[in-house]
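Enquirer: According to TrEMBL, the protein carries these features:
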type	residues	note
BINDING	R106, K145, 150-156, 180-183, E188, H211, 265-266	ATP binding site
DOMAIN	110-295	domain 'ATP-grasp'
Amino acid sequence: MAAILPPSMLGILGGGQLGRMFAVAAKTMGYRVTVLDPDANAPAAQFADVHLCAPFNDAAALKTLAQTCAAVTTEFENVNADAMRELARTTRVSPSGDCVAIAQDRIVEKSWINKAGLPTAPYLAIESVEDIQVELSPYLPGILKTARLGYDGKGQVRVSTAEEARAAYANLGGQACVLEKMLELKLEVSAIVTRVSSAQMAVFPVAENSHENGILDVSIVPARIAPALAASAQQMAQSLAEALDYVGVLAVEFFVLADDSLVVNEIAPRPHNSGHYTLTACLTDQFQQQVRAMCGLLPGRTDLLSPVVMVNLLGDVWKEDGREPNWDVLAEAPNAQLHLYGKKQARPGRKMGHFNVMAATADEALEQAEALKDTL
Ligand code: ADP
Ligand code: MG
């Protein structure tokens with residue numbers, strides 16, 4: 001297929017921070033951008049040529065996207081996969097609606113991961129109340145997760161006994177769930193792969209991720225794990241992209257267990273919060289890769305230019321009376337880059353921005369990043 005070149009119009013479903021950083025990358029390369037998002041203040045709208053301010057399933061807005069965009073992508077997985085399949089009848093859509101549908105449902109997702117020959121935590125798929133009337137001990141203590149619409153730790157209940165698991169399932173209203181064995185994690189890491197075709201793949205350096213209340217807090221790159229283990233995570237991410245015949249940017253989250261084995265946790269069919277370090281520290285960033293892949297261009301090189309630490313800025317950092325944090329020190333730190341997403345309302349847990357700190361080693365970057373966060 002012929003490559004799509006500037007100044008073609010590119011469309012994106014969703015106008016949050018991921019859509020905003022996509023729009024910046026696309027505009028920088030000379031493309032035009034249309035964003036579909038129902039929020040008049042969508043962070044991506046500030047950088048878009050066209051903002052279709054309508055619901056994601058709005059037929060007229062989807063028709064405009066199909067007619068005016070040379071290619072369409074998404075910034076979130078909970079977009080209607082059928083709408084993406086419909087768009088694909090008239091324009092180029094990546095990733096495919098089929099791949100997005102896989103990432104939307106933990107039951108389908110895990111079976112695909114296993115089918116690709118990769119390990120997951122032991123899990124039980126629960127589609128109806130009969131499914132949970134079996135011996136649950138292989139999955140306990142465990143986490144009951146809703147199959148759909150969970151993110152940032154939402155839709156999850158920790159359970160230790162079969163009674164607790166069954167009660168929690170009933171409490172979630174009997175919706176489809178997975179009961180996953182709670183594993184002892186040494187670390188969490190992620191690998192982000194860009195795939196245009198089997199012959200055209202590039203994978204970013206592995207990030208080490210720490211979470212706070214189920215939300216990503218800090219990513220450290222390179223991950224402080226053995227190089228062979230990092231290479232194996234990259235390899236697994238690539239083989240998953242291949243198994244899915246995936247086109248676009250695919251993020252793969254892993255658990256590192258006590259014996260240094262890797263287990264796939266979940267995937268995201270888009271750039272990922274743990275890849276924001278690439279904006280500062282890689283030759284090509286993850287949003288440039290998203291643009292390149294959807295346009296059928298070769299992925300760019302993913303070399304790490306320097307050890308780097310990314311720190312998320314949640315609404316919790318804002319002052320109680322609504323005042324901004326003290327940006328003065330962070331904004332002029334010579335080895336730091338501040339990114340704010342232009343969201344009007346700061347709320348606890350809401351992702352408002354992030355900053356990247358580069359230093360000679362990952363440990364040094366971490367130390368400096370923590371000190372900078374303390375100045376806010
Ligand atoms: P989300 O979609 O909310 O990111 P995840 O499945 O990634 O959901 O779970 C969020 C976090 O909860 C993980 O990053 C990890 O810290 C923890 N977690 C999830 N599943 C397990 C598990 N099976 N064993 C141990 N910790 C887990
Ligand atoms: Mg996760």
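Cβ atoms here come from the backbone N, Cα and C positions, even for glycine.
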Enquirer: Rank the binding-site residues R106, K154 by the number of other Cβ atoms within 10 Å of each Cβ, and give the residue at the low end.
Expert: K154
Enquirer: Among the binding-site residues E180, L183, which residue has the fewest other Cβ atoms within 10 Å of its own Cβ?
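Expert: Across E180, L183, these binding-site residues, the one with fewest Cβ atoms within 10 Å is L183.
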Enquirer: Fewest other CB within 10 angstroms, which one of the binding-site residues Y151, N265?
Expert: Y151
Enquirer: Can you tell me whether DSSP puts K154 (ATP binding site) in helix, strand or coil?
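Expert: In three-state terms, K154 (ATP binding site) counts as coil.
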Enquirer: Taking DSSP three-state, what's L183 (ATP binding site) in: helix, strand or coil?
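Expert: Once the DSSP labels are grouped into three classes, L183 (ATP binding site) ends up as coil.
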